[in-house]
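Annotated in TrEMBL:
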ACT_SITE  Cys319  active site, nucleophile
ACT_SITE  Cys319  active site
BINDING   Gln192, Tyr221, Glu242, Asn292  S-adenosyl-L-methionine binding site
Amino acid sequence: METKQRRLEALVAAARPGDSSHTVWLEPMVSAESGFRSKAKMVVGGTVDDPTVGILDADDRGVDLRLCPLYGTDLARAFPILAEFITVARLEPYDIPARKGELKHIIVTVSPGGELMARFVTRSTESLARLRKHLPWLLDRLPRLVVVTLNVLPEHKAALEGQQEIVLTELDTLRMDMGRVTLHARPQSFLQTNTDIARRLYALVAGWVDEGAATTVWDLYCGVGGFALHCVREGRTIVGVESAEQAVIAARRSAREMADAGQPGALEAAFEAADATAWVRGRPAPDVVIVNPPRRGIGPELAEWIESSGVRRVVYSSCNAVTLAKDLGAMPSLAPVRGRLLDMFPHTEHYEAVVLLERV
Ligand SMILES: C[S@@+](CC[C@H](N)C(=O)[O-])C[C@H]1O[C@@H](n2cnc3c(N)ncnc32)[C@H](O)[C@@H]1O
């Protein structure tokens, strides 16, 4: 943890040599060492009668990871049943060297309440009828499995999933109870993989936004709405912007449910499907902008817009401190006044970092 903190501070200091001595670094947020991952991306190997779920070795042979301690008990209980289902439904594991077989991956997500979403990533729809036929067997053994889908990845390439998603259950979202807010995880939408830290991150950022008495807030790269929905308050207008349309639909649904539950301000939370950089152009700046981009960062164009927009406070949450620092370097009028490292990915060199910027 100390190494991660040192690296983060060094990157910010190098990007902002004049300001970084004024940055207050809060105590890093520590994750549980095991059982913290809410999403398992399991590669299927072996044979239909003796499948492995885990990863592939250097020779593309399956290595079973169903006992991996990164996953909690709900996922650990599900893996052997999912592996048995491969045999029951005759889902032939995909053999990379031979380019034969069907089932490539099983992606499983668990909600804080222990409900599950399982996605079978296959080369084609060849196994669809068998999946449907044997689904009652699976649901009988995993009663908390509420969303099951078939995802089609026809290409022989190093991708986790394809474009086509066929939902096999009545429900198509997994409800993630984050405390004040229930997010809807959709099969293809981004979801933070460490739910406990994500929940604390959203609450932390909502607190920072409240300090500034903001009445207008944007959440750029909002995904299914985690930051935006935690910032809902009476008298505040919020807009979440996200390029993935399915995530926007999920965020709108959560906002509607909050409004139905009588949460003040929820009706003033809107979500738009758009490219964040294109969307901001020509609009008057809000009181606060939250950004939580993919690893590539917000990039020079959006950084330049924020820099010249006049916006007084920005919260930048990032899973890549290198691009975070680069973007901070492109916004010299906004000083990093406070930061916090969140150890979302223990046992790796990765981490989340959140920084509050204020106009000098
Ligand atoms: C790191 S995730 C953050 C999601 C969300 N803030 C959360 O906490 O779950 C980045 C999100 O940015 C979205 N995205 C990628 N490129 C984008 C763009 N050009 N404009 C808007 N959203 C984009 C992705 O689909 C993804 O949902």
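Every residue gets a Cβ built from N, Cα and C, even glycine.
What TrEMBL says about a protein is an automatic prediction, not a curated fact.
Listed in sequence order, the residues Phe190, Asp219, Cys222, Gly223, Gly226, Phe227, Pro293, Ser317 complete the 8 Å Cβ shell around the S-adenosyl-L-methionine site centroid, once Gln192, Tyr221, Glu242, Asn292 themselves are left out. Listed in sequence order, Arg295, Met344, His350, Tyr351, Glu352 are the same-chain residues six or more apart from Cys319 (active site, nucleophile) with CB atoms under 8 A from its CB.
When the record's S-adenosyl-L-methionine-binding residues Gln192, Tyr221, Glu242, Asn292 are compared pairwise by CA position, the greatest distance found is 15 Å.
Put plainly, the binding-site residues Gln192, Asn292 were compared by Cβ crowding within 10 Å, and the winner is Gln192. Listed binding-site residues: Tyr221, Glu242; maximum Cβ neighbour count within 10 Å falls on Glu242.
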